[in-house]
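Over in TrEMBL, the protein carries these features:
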DOMAIN    A:432-460  domain '4Fe-4S ferredoxin-type'
DOMAIN    A:463-492  domain '4Fe-4S ferredoxin-type'
TRANSMEM  A:7-26  transmembrane segment
TRANSMEM  A:112-131  transmembrane segment
TRANSMEM  A:156-179  transmembrane segment
TRANSMEM  A:199-217  transmembrane segment
TRANSMEM  A:238-259  transmembrane segment
TRANSMEM  A:279-302  transmembrane segment
TRANSMEM  A:348-373  transmembrane segment
TRANSMEM  A:385-405  transmembrane segment
Amino acid sequence: MKLIQSIGILLFLVGLAVFTAMPFLGNYTLTEELVLSNTKDIHQEKMAEILAPMYGETYSSNFSFISTFKDNFNSYNDVLKDEAKWDEVIWDDYSLPLAQSSLSSPVRDNPWLFFGLSIGLAVLGGLMYNLPKYQGEPEGIKNNGIFHSAMKNRGWMGMITGAYLILFYIILYWFPAYIVNQIWMVTPLSMILSGNPASQWFLYGTIYTLAITVMGVRMFRKYRGNKYQQLRTASVMFFQTAFAFLIPEILVLLNQPYFDFKNIWPLDYDFFYDYQIDTFLSSGGVGMFMLIWGILLIVIGVPTFTYFFGKRWYCSWVCGCGGLAETLGDPYRQLSDKSVKAWKYERVIIHSVLVLAVVMTALTIVNYFSGFALLGDVTNQLHSFYGFAIGSVFAGVVGTGFYPFMGNRVWCRFGCPLAAYLGLVQRFKSRFRITTNGGQCISCGNCSTHCEMGIDVRWYAQRGQEIVRSSCVGCGVCSSVCPRGVLKLENGSEGNRINEMPIIIGNDSIKINA
Amino acid sequence: MSSNRHVVIIGNGIAGITCARQLRKLDDSVRITVISGESKYFFSRTALMYVFMGHMKFEHTQPYENWFWEKNKIELKEAWVKSIDFTAKNLFFQSGENMVYDELVIATGSKPNKFGWPGEDLRGVQGLYSKQDLELMEENTATGVTRAVIVGGGLIGIEMAEMLAYKKIPVTFLVRESGFWDNVLPKEESELVSRHMREHHIDLRLNEELQEIISDPNARVKAVRTKSGEEIECQFVGLTAGVTPSIDFLRNTELELNRGVKVDFGFQTNIPNVYSIGDCAEFHEAPAADRKAVEQVWYTGRMHGETMGYILAGKKVTYKPGIWFNSAKFLDIEYQTYGTVPAKWDTEKVKSFYWEHTSGKISFRMLMDLQGKILGVNNFGFRLRHEFFDQAIREAWDAAKVISKLDKANFDPEFFAPYYIEIQKAFKSQFGGDVKVSKKTFIQKLFGASV
C-alpha cells in the first residue's frame with residue numbers, strides 16, 4: 001500500500017509539474033487576420049494598425065509576446081490618455097484572445113495528451129494516494145500528526161502550497177494571457193460539453209470540480225464509519241459536478257443561458273446586474289424560470305431551509321465554495337483562529353460585505369428601472385470595485401490561497417455575504433443547534449481545534465450549553481472528533497435552543513431556582 | 001463574610017479552576033489567587049495525549065484565552081508550594097517567596113502510583129499525569145524505542161498505548177487482573193475492549209504482573225521481568241496502575257490526612273478555613289453507595305469545584321452528587337455510563353440486559369432491580385443522552401419504558417445506523433413486557449447506515 005501511495009504522490013507531482021511548465025511551451029505568431037477576428041468591430045481597424053509591427057514575428061515565449069503586445073498597445077493608449085481623449089481609448093484587454101490565437105504549441109496540437117499528462121496524472125496520483133489510506137486499520141477518525149506536519153501546520157510545505165495557490169489565482173483573474181496553453185488543453189472537453197471553446201473559467205471549473213472529487217475521496221477514507229460526513233461529502237461532490245460544472249455547460253449547448261441553479265445572491269453577486277437580467281428576459285421561458293427560481297431561493301428557499309436545518313443545508317451540503325473548503329480544505333481546518341478577537345473581526349467584516357452587496361444590488365436595480373440615468377457611473381464603479389475586491393481578491397485569492405495559512409473557511413467566515421444572510425436566519429430564527437450532552441464534556445478542545453469556522457465550541461460544551469452561532473456551517477466535525485460523545489447537530493424546537501446551565505447536570509449540591 | 005478576604009487555591013486543575021470561576025461569579029470583590037507549578041494557565045489534562053499525537057498543540061488544551069484570568073480578576077501564581085504554616089495562614093514556595101491567605105483550598109490532584117517495583121525510577125520509566133510527564137514522555141520516546149511495556153490496565157494505560165502506537169512503537173500491556181479494567185467493567189465490556197486493543201496490535205497480557213524493571217549500564221530501562229518469569233526487552237515502561245493523591249508536602253503537619261486530605265461534605269478539613277477538593281480530597285465516608293471516598297474523575301473534580309465556590313461565597317450547601325456518569329474512549333470505541341453499573345453484581349438482586357452488535361464493537365447493558373426498574377447503563381460504540389438517563393434513573397423508570405423511549409435517548413449523529421431498534425428487539429425477546437420497537441424513519445431507510 002505504501003508503494004502505491006508513494007507512486008501516487010510521484011504521479012501527482014509530475015502532473016503538477018507538467019501543468020506548471022505548460023505556460024513556457026510553444027511560440028506566438030500574430031497575423032492581421034487573427035487581430036481582425038479577435039477584436040470587436042469598432043476596434044478592428046485601430047488594433048490592426050497598432051499591432052502591425054508584430055505581424056509575422058515569432059515570439060518564443062509568452063513573456064516576450066505579451067510584453068511586445070503591451071508596448072505597442074500602451075503607446076497608442078497612453079497618448080490618448082495624456083490628451084484626455086477618453087472616448088478614443090481602447091479599454092478592452094485583447095491580450096488573452098490574441099495570445100491564445102497566436103499560439104502554436106505542442107499543447108494546442110495534442111490537448112488530450114497534455115490533459116492526461118497534467119490534470120490526468122494529478123487526479124490519478126491523488127486517487128492512488130487517497131484510496132489506500134487507513135487500509136487495514138479499524139474505523140475511526142485519526143488526526144494523527146497534523147500539528148507535526150509541514151503541510152498542515154503552516155510549515156514549509158504549507159507555505160509553498162499557499163504561495164502556489166495565490167499565484168494561480170492572480171494569473172487566473174488578471175493575467176490569463178499567460179495560461180493560454182492550459183485553456184487550449186481543456187478546449188476539446190469544453191467543445192464536448194457546451195459546443196464552445198474553453199475560457200479560463202472553464203479551465204478553472206474543471207480543476208475545481210476534479211479537486212473536489214479527488215479530495216472528496218480522501219474525505220470518504222478519513223471519515224469512514226461516519227455516515228454524516230460521508231453523505232455530506234457525496235452531496236457537495238454531486239452539486240459541484242452536476243449543478244456548478246455540467247448543467248451550465250449543457251445549457252449553453254442547448255442555446256440557453258449559462259446558469260448555476262444552486263448559486264444564490266448575494267454570493268452570486270451579479271445575479272441582478274443589467275446584463276444578467278437582460279439575458280434572463282431575452283431567453284424565453286427558461287430564462288424567466290431562472291430569474292424566478294433565483295429570486296425564490298433568496299426570498300423563500302434560504303429562510304425556509306435555514307429555519308428547518310440551519311445554514312448547513314447550503315454551506316456544507318450544496319455550496320461550491322463550501323464544497324472546496326470541505327474537501328480540498330479539510331487538511332487545513334485546524335488553522336482557523338479561535339480567539340474572541342477573531343470573532344469580533346469576523347462579525348464586522350462579514351456584515352460589512354453583506355451591506356455592501358445589498359447596497360450595490362439595490363443601486364443596480366434602481367438604475368435598471370430608471371434607465372441608468374441616475375447613478376449609472378456610480379453603479380459601474382461599484383460593480384468593478386466589488387468584482388475586484390470581493391469577488392476576486394477576497395473570495396478567490398484570499399479565500400482559497402489562504403487555506404494553508406488561516407484555515408479552509410476564510411472566505412465563508414469573514415467574507416461571504418450569503419453566509420452572513422444565512423447566519424442571521426440561523427442565529428435568530430432556526431431549529432438548528434449543536435446539542436451538548438449534559439455534563440459529559442472534558443474540555444479537551446478537540447471540537448474547537450478542528451472547527452473550521454473558528455468557533456470555540458468547547459466554551460459552550462464545557463458549560464453544558466447548546467451551541468447557537470450564526471457562523472456554524474454544520475460540518476459536524478466537532479461531533480465527529482469528540483472523544484466523549486458530547487456534541488450532536490440537531491434540529492429541534494426553538495424553545496430550549498439557548499440555555500444557561502449555572503450548575504452542570506449531575507451535581508445535586510446546589511439548587512438553582514429557575 | 002468579609003469581601004476583601006484572600007482565597008488561595010493550590011492547584012489549577014479542573015477542580016481548582018472551577019472553584020475559582022464559580023466563586024468569582026458569586027462574589028465580585030473577593031481576592032482569588034490560583035497557584036500552580038505545573039503550568040501558569042489552566043489546561044485540560046485529559047487532552048495531553050492529543051498533544052503527543054499531534055492532534056492539537058498544547059495551547060489548544062487551554063480552555064480559556066490568557067486574558068480571561070485578568071478580566072475576571074483571578075490572579076495566577078506560577079510556583080510550587082513547599083510548606084504551609086496553618087497557624088499563621090502562610091504559604092511558603094520553593095522559590096523562597098511566601099503568600100498569606102484567609103481561606104485555603106487544596107486541589108493538588110494526583111500522581112501516578114508506584115508500588116516499589118525494583119527499577120521504577122530508572123530512566124525511561126514513567127507515569128502520565130502532568131504536563132511535565134508529557135514532556136518527559138516525548139523525550140523518552142524520541143529515539144531508540146523498539147518496544148514499550150505498559151503496566152496496569154486502566155484508562156491512562158490505554159491512552160499511553162495509543163500514544164505509543166502513533167510513534168509506531170509496539171506495546172506489551174501487562175494487566176494483573178483477568179480482564180482489562182475489570183474492576184470497573186463487567187466481563188463482556190472488558191472483553192470487548194480487550195478485543196479492540198488486540199485489533200490495534202497491542203500485545204495484551206492478562207493475569208500478568210511486573211516483577212522488576214531491569215537497567216542497562218546507564219541507569220536506563222533495557223527490559224522488564226514479569227512474575228511468570230518472562231523477560232521482555234523494552235526501552236520504555238509506562239506505569240499506569242492508578243493514581244494517588246498528590247499531598248506529600250502536607251505529610252507530618254497538623255492537617256488530617258489518610259490517602260487524601262480528609263474532608264467532610266462541605267470540603268472542610270480538620271483546620272478551619274482550610275478546604276480540599278478534587279482528586280486529592282478524601283471524604284470521611286463515601287458520598288453515595290456507588291461512589292468512593294476519593295473521587296478521581298474529571299466530572300467529580302468539576303462538581304467539587306462548583307460546590308466549593310458556592311461554599312466560599314457563603315452559601316449553605318453540602319456536596320450531594322446526583323446520578324453517576326462517566327465516559328472514556330478506548331482507541332476508537334467510545335464508552336459512556338449512567339447510573340450504577342458495577343463490574344459484578346448480586347444476581348439475586350439485580351437483573352442485567354446485555355446486547356452486543358455482531359461487529360463486537362458496539363454494546364449496551366442495562367441493570368435493573370427485581371421490579372424491573374432501571375439502575376444504570378453502559379454503552380460502547382454509540383452515544384446516549386445524559387439528560388435522558390439522568391431523569392430515567394432518578395425517577396426509577398421501568399426498564400420497558402426506558403427501552404421503548406430509546407430512540408429519544410439516542411445521541412449518535414444524524415444518518416447513523418439506528419442501533420436502538422436492535423436493542424429494543426433484543427430486549428423485547430428476552431424480557432417481553434410492554435416494549436415499543438421504533439420504526440425506521442424515512443430518512444433512515446433512504447440513507448441510514450445498516451445496523
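Think of each number as a place in line: the chain as shown, counted from 1.
Backbone N, Cα and C define each Cβ position, glycine as well.
Note that the structure is predicted; figures quoted are calculated from it, not measured.
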So which residues does the transmembrane segment (A:385-405) touch in its own chain, when a touch means Cβ under 8 Å and the partner is 6 or more beyond its ends? 151-152, 154, 158-159, 161-162, 165-166, 168-170, 172-174, 269-270, 321, 324-325, 328-329, 332, 335, 353, 356-357, 360, 411-412, 414-416
Leading stretch by Cβ pairs under 8 Å, where the reference is the transmembrane segment (A:7-26) and the options are A:112-131, A:238-259, A:279-302, A:348-373: A:112-131
Helix, strand and coil residue totals from DSSP for the domain '4Fe-4S ferredoxin-type' (A:432-460) stand at 8 helix, 5 strand, 16 coil
Take a look at A:156-179, A:199-217, A:238-259, A:348-373 and tell me which one has the most Cβ pairs under 8 Å to the transmembrane segment (A:279-302). A:238-259
Using a Cβ-Cβ cut-off of under 8 Å, list the residues of the same chain that are 6+ residues beyond the ends of the domain '4Fe-4S ferredoxin-type' (A:432-460) and lie near it. 143, 306, 309-312, 325, 329, 333-334, 336-338, 340, 342-343, 346, 407-409, 412-413, 426, 466-469, 471-475, 477-479, 481-492, 497, 504-507
Contact set of the transmembrane segment (A:156-179) with the rest of its chain, CB cutoff 8 A exclusive, min separation 6+ beyond the ends, reads 22-23, 62, 66, 95-96, 98-100, 149-150, 200, 203-204, 332, 392, 396-397, 400-405
Average the per-residue pLDDT over the domain '4Fe-4S ferredoxin-type' (A:463-492) and send me the rounded value. 97
Counting by DSSP secondary structure, give me helix, strand and coil numbers for the domain '4Fe-4S ferredoxin-type' (A:463-492). 5 helix, 6 strand, 19 coil
